[in-house]
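Summarising the annotation, Swiss-Prot assigns topological domain 'Cytoplasmic' to 1-12 and lists sequence analysis as the type of evidence. Residues annotated as transmembrane segment in Swiss-Prot, with sequence analysis given as evidence: 13-29. For 30-616, the entry in Swiss-Prot reads topological domain 'Extracellular'. Summarising the annotation, Swiss-Prot assigns site 'Critical for catalysis' to TYR136, ARG143, TYR559, TYR577 and lists similarity to another entry as the type of evidence. Sequence annotations record features per position, and here Swiss-Prot assigns substrate binding site to TYR136, ARG141, ASP142, ARG143, GLN169, TYR504, ARG562, ARG574, TRP575, ASP576, TYR577, HIS578, ALA579, VAL580. Sequence annotations record features per position, and here Swiss-Prot assigns N-linked glycosylation site to ASN188, ASN232, ASN267, ASN471 based on sequence analysis.
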Amino acid sequence: MKCLRWRSNRHRIYLLVACGALFLLNRHLTQEESRIDEEDEELTQVDVNEDDKKIECEPPGSIESKCIADNGKSMKCWKDEEDVYFPVSYLKKRFDMTGKLGKDGSTFELYTSYAKMRSPDSTYDPLGPFGHFSTYSVETRDRVRCVSAKTDVPMSTQWDPIPYYYPIQISQYGLQHYSRMKLDSISNKSEASPKDDVILGVNSKEWKGAAGMHETTERLFFNDEQMGKVVNISAGAALANAGAYVYLDKSPDLHVISFDWKPYEANSSFTVLAKMKQDDLLVLINYVYSEGNGKCVWQEEERISDDYIVQKPKKDGQVSYSYSYIGNSPIGEWSTVTRDLLVDVARALSSGDNRKKDDNVVLHAGDLRLVSLGFRGELTVKQKITQRREQHSHAFYAAADWLVKNQNDRGGWSVPVERSIAERKLVLPPGWHSAMAQGHGISVLTRAFKHFNDEKYLKSAAKALKLFKINSSDGGVRGEFFGNIWYEEYPTTPGSFVLNGFLYSLIGLYDLSQLELMIDENDETMRAKIQEAQELYSAGVRSLKQLLPLYDTGSGTIYDLRHVALGTAPNLARWDYHAVHVYLLKWIAGIEKDEVLSKTADRWIGYAYGKRAKHN
């Protein structure tokens, strides 16, 4: 039995790990895990200092006893002549601790926080990698239903079972891939490197046709003035038809495919066949012009009768799923397709109707290999199919482009589903805006402006400022707390005053304010917008300095200030949110060169390692 030794006379907690049969009770201790909400960080298990990692065990020499804590129920404990030993299961719950037993079974590691406290490695760069977002994996979060084949950005089911576009999630997806792209360029790695890419389909002999008279496939090869070497395909549109196909490279690292095609009819489709390494399961991923009953990915159905349709079971070691491709490109026009099959297969396998939260499938490079790429219907394909390791530039472009195309007249990206807070004491109807979404969106767009050298991104970023000047009660994101302005992640009435969303909005405003040197000196309109961003940022920082102490509990931080208006208990921040507060506060402190903010962040780091504010 894992126990913790309580030395009241020394005010310290020591660990006692028992041996023998009691060791089998190890299953009672599980490491606390908490997936962070998609608007914040994904953090790894904390590393404690080397001096604190190992706590030597002493011989038990104790007898079983009965203990009562805070007038609660009695529990089994142990005592010897000097000390009393409490079960970790009790201490974990009572003191919000966590821990784990080492692999060798002789060492127990105790944590106050399950989240690692990070500080920025360098001064914040408005055009550089976005913090440690490069370690994110937005597309594998359990609330992400798919990366849409229509728009190439993630769709969420966090607050509604029907997939929808959540602006914060989309921006984080873009910032994740931008950060990876920048770090790859720093380390002289390029996703476009010829040595990493494999080009297929150039040779006409690589294009195979379906066998059997009932599956005839016509392939006509010619040179197109615009696209060069192409193949015109005419094949049966049924998904059961193999169509015209090309065998793909077997390397498990090359899980991203890219090609150009022009479909002529709505029944045109393409399919990637992948093989799982673990069980040799064959997975068919079809991309079709179908709405899918509101789903972005679904398992193919089998018609038993006119009134009875069921999902196709796993048959002969093979399953089939489809992604909705409607809206990606008009029929009869050329478009470029780029898909990461590692993501698409994982999202498909996680998409069953009876899926539970813990059924989320996450695949890693090496877990599958691509077998073939096939086409059906009437279409033309360029004879250049590219396989590569990553798609960072494309994913970043997709996110930035989505922001430009989906920005409304007020400069915002609205959330199309209801959001309820505090047991529905605060409710935001569909169509609400978020200051965090505005800030994240600006951070994506300013980087896209520099990376792609396209002013449409700069104009969109400038347009996003409008909602920062509109009150929450009027559909904007501007709130007020004791005379201090606040940019609301959730613009409820009364306000909720979420800390992390406010800090992210400040970073977005700062990003735009730093583009002055990149703007034409004769562009007075845009220069005025840059100045406006600076003023909004400065006003927010002034409020931060005034209100920040309200978020400090002396042992952790508070997520928001909803309790002030609602008269409820404070909403304490989980340790992963606490880690976000620390990181963002360090960013702002570095930008402002503010010693008070920096020391506050340092104090908050101490809370994660068991330090507490002094008593009176």
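Keep in mind that glycine also has a Cβ here, set from the backbone N, Cα and C atoms.
The number of other Cβ atoms within 10 Å of the Cβ belonging to ARG562 (substrate binding site), over all protein chains shown, comes to 24.
Close to TYR559 (site 'Critical for catalysis') in the fold, though at least 6 residues off in sequence, lie VAL498, LEU499, ASN500, ASN571, LEU572, ALA573, ARG574, TYR577, each with a CB less than 8 Å from its CB.
If you take the Cα of TRP575 (substrate binding site) and the Cα of ASN471 (N-linked glycosylation site), they are about 31 angstrom apart, rounded to a whole number.
Of the candidate recorded positions, TYR136, ARG143, ASN232, ASN267, ASN471, the one lying closest to ALA579 (substrate binding site) when CA atoms are compared is TYR136.
Of all residue pairs in the substrate-binding list (TYR136, ARG141, ASP142, ARG143, GLN169, TYR504, ARG562, ARG574, TRP575, ASP576, TYR577, HIS578, ALA579, VAL580), the one with the greatest Cα separation is 29 Å apart. If you compare Cα positions, GLN169 (substrate binding site) sits closest to ARG143 out of the recorded positions ARG143, ASN267, ASN471. Around ASN232 (N-linked glycosylation site), taking its Cβ as the centre, 17 other Cβ atoms fall within 10 Å, counting all chains. Between the C-alpha atoms of ASP142 (substrate binding site) and TYR136 (site 'Critical for catalysis'), the distance comes to 13 Å. In this structure, the CA atom of ASN232 (N-linked glycosylation site) is 61 Å away from the CA atom of ARG562 (substrate binding site).
Note: the Cα of ASN471 (N-linked glycosylation site) and the Cα of ARG562 (substrate binding site) are spaced 17 Å from each other.
Under the DSSP three-state reduction, ARG562 (substrate binding site) is assigned to helix. Residue with the densest Cβ environment among the recorded positions GLN169, ASN267, ASN471: GLN169, by other Cβ atoms within 10 Å. Separation of the C-alpha atoms of ARG562 (substrate binding site) and TYR136 (site 'Critical for catalysis'): 29 Å, rounded to the nearest whole number. Comparing ASN267 (N-linked glycosylation site) with TYR136 (site 'Critical for catalysis'), their Cα atoms are 36 Å apart once rounded.
In this structure the C-alpha atoms belonging to ARG143 (site 'Critical for catalysis') and TYR136 (site 'Critical for catalysis') are separated by 14 Å.
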